[in-house]
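The ATP binding site feature in TrEMBL is assigned to GLY59, GLN60, THR61, GLY62, SER63, GLY64, LYS65, THR66. Taken from TrEMBL, the feature coiled coil applies to 314-492. Positions annotated as domain 'Kinesin motor' by TrEMBL: 1-299.
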Amino acid sequence: MDQSCGQVILRGENGCTKQFTFDGVYYMDATAEQIYNEIVYPLVESVIQGYNGTVFAYGQTGSGKTYSMQGDDTIPSQKGIIPRAFEHIFEATATTDNAKFLVHASYLEIYNEEVHDLLSTNHNKKLEIKEHSERGIYVAGLSMHVCHDYKACQRLMKEGSENRHVGATLMNKDSSRSHSIFTVYVEVALNNGSIRIGKLNLVDLAGSERQAKTGTTGDRFKEATKINLSLSALGNVISAFVDGKSKHIPYRDSKLTRLLKDSLGGNMKTIMIACISSSSDNYDETLSTLRYANRAKNIKNKPRINEDPKDALLREYQEEIQRLKAMIQGDNNVHTNSNELDEEREQLKAEFNAAINELRLQYQNEQKSKAKLQEEYAALKEQYERAAEALENDRNLDVGEAKKRLQILEKQFVGGEQANNEALKEQRQIKMKEAEKKMERLAAALNVHSDDPLLHVYSSTQEKLEAITEEYNKAKLKIQSLENDIEDLHGEFELDRLDYLETIRKEDQQVKLLQQILDKVICYNFN
């Protein structure tokens with residue numbers, strides 16, 4: 001590995017080398033702190049400013065993906081990317097004195113192509129993925145949890161990780177049998193009244209597996225089949241983007257690609273951490289992972305700041321706080337005038353009916369789909385019911401209850417706790433500058449390596465001839481490397497084909513077994 005210019009050089013048994021270039025490469029002696037500060041720090045900083053970001057780890061089973069993401073809490077230098085992101089977010093909110101923050105989190109897993117809420121009391125319940133014109137793709141019924149500090153986020157991650165599916169294989173005794181996504185939502189209310197929402201997806205993918213190596217059978221085999229299919233779907237999405245000729249991006253081929261839609265070509269800043277093994281036994285898997293990451297780096301996303309979104313929870317809280325304060329200060333008469341509340345309720349109802357009529361007209365004029373109409377109607381109805389419920393709560397609230405509710409809401413916000421800590425502010429600025437310098441050094445190193453020898457000024461014809469000959473030899477080696485790549489790909493495709501055939505054979509056996517059991521049950525019932 002050449003860290004100075006971000007290159008990985010892979011040597012095969014036949015002596016052939018393959019070279020890959022990335023934004024950063026790290027050997028086994030690198031610490032989690034170094035990787036976070038140099039690569040992940042700028043992305044998390046942008047999330048606090050209102051961008052969306054995703055960090056996900058990819059690689060074969062047992063390569064250290066979960067360790068990279070979660071790490072070891074007992075050793076400070078080996079805390080993973082997820083806990084470091086938590087620290088970073090609350091460090092940033094504490095040192096910002098001109099804004100208020102609302103931080104909440106969710107944690108889900110995709111197990112056997114089923115979405116489960118890892119923080120729910122019933123974490124085995126299947127959840128559905130929905131799509132909305134304004135919210136985008138979301139999981140219906142996924143629980144959200146307010147976080148006031150780093151410890152609250154850590155507690156949620158620990159609780160969710162205990163509910164996650166893991167199992168033993170020949171390559172890893174604690175192999176992740178599902179993909180997990182821990183999402184942190186950071187809502188920011190600035191002094192000028194505008195609201196921004198940043199979203200950080202921290203993704204731990206299950207490892208890609210070959211059945212022969214992992215020795216999976218029974219439930220482990222079924223899990224491996226689903227894992228490989230979803231990772232294959234992710235690879236197809238990446239290939240469709242990089243190809244540039246595909247008119248259709250197959251996001252709907254798996255639950256994973258649907259949830260990561262924005263992370264791949266959408267409104268998101270994305271980092272892929274490719275975990276590889278230095279063992280010669282894992283050469284094929286390492287090469288496959290490097291090719292996967294090499295294709296992924298060519299995807300171009302379109303990130304933007306999410307400013308003044310309609311579904312900001314922070315805005316709802318602010319409005320409720322203002323209403324409660326007005327009620328408490330208003331002549332100690334919390335029982336708001338009943339007639340005024342009734343008038344406001346009637347006004348809400350009139351606005352709701354007007355919006356419904358407008359929807360109907362759009363449906364008639366633009367021939368909107370029935371499903372789209374029903375979706376927008378449901379959103380309007382939910383908004384109306386929420387506003388009506390708030391009015392009813394105001395009617396029944398007394399001074400004591402209003403004060404308690406106000407305290408609860410105000411405790412949800414964080415920000416400014418360390419606004420006078422200049423040392424912490426300076427430390428944050430230093431980290432950001434170091435990350436920027438790292439990227440500048442890498443860009444400079446790549447420019448040096450990509451210089452065209454024909455543009456150089458040479459002192460003699462002999463010197464120029466030697467330089468061109470050197471470039472010619474490099475080109476020959478590159479052609480040879482590409483030819484070897486073609487052979488390797490054919491071999492890889494053949495291994496995949498055999499793997500899929502083995503999967504089909506085992507699935508057929510399972511179907512026949514179930515059919516025989518069913519036949520026996522039917523015969524028994526008839527007799």
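Along the chain as shown, residues are numbered 1 onward.
Note that Cβ sites are derived from N, Cα and C of the backbone, with glycine treated the same way.
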LYS65 (ATP binding site): tally of other CB atoms within 10 A of its CB: 23
Where GLY59 (ATP binding site) falls in three-state DSSP terms: strand
GLY64 (ATP binding site) - helix vs strand vs coil (DSSP): coil
Greatest C-beta neighbour count within 10 angstroms, which of the binding-site residues GLY59, GLY62, GLY64: GLY59
Other C-beta atoms that fall within 10 angstroms of the C-beta of THR61 (ATP binding site): 23
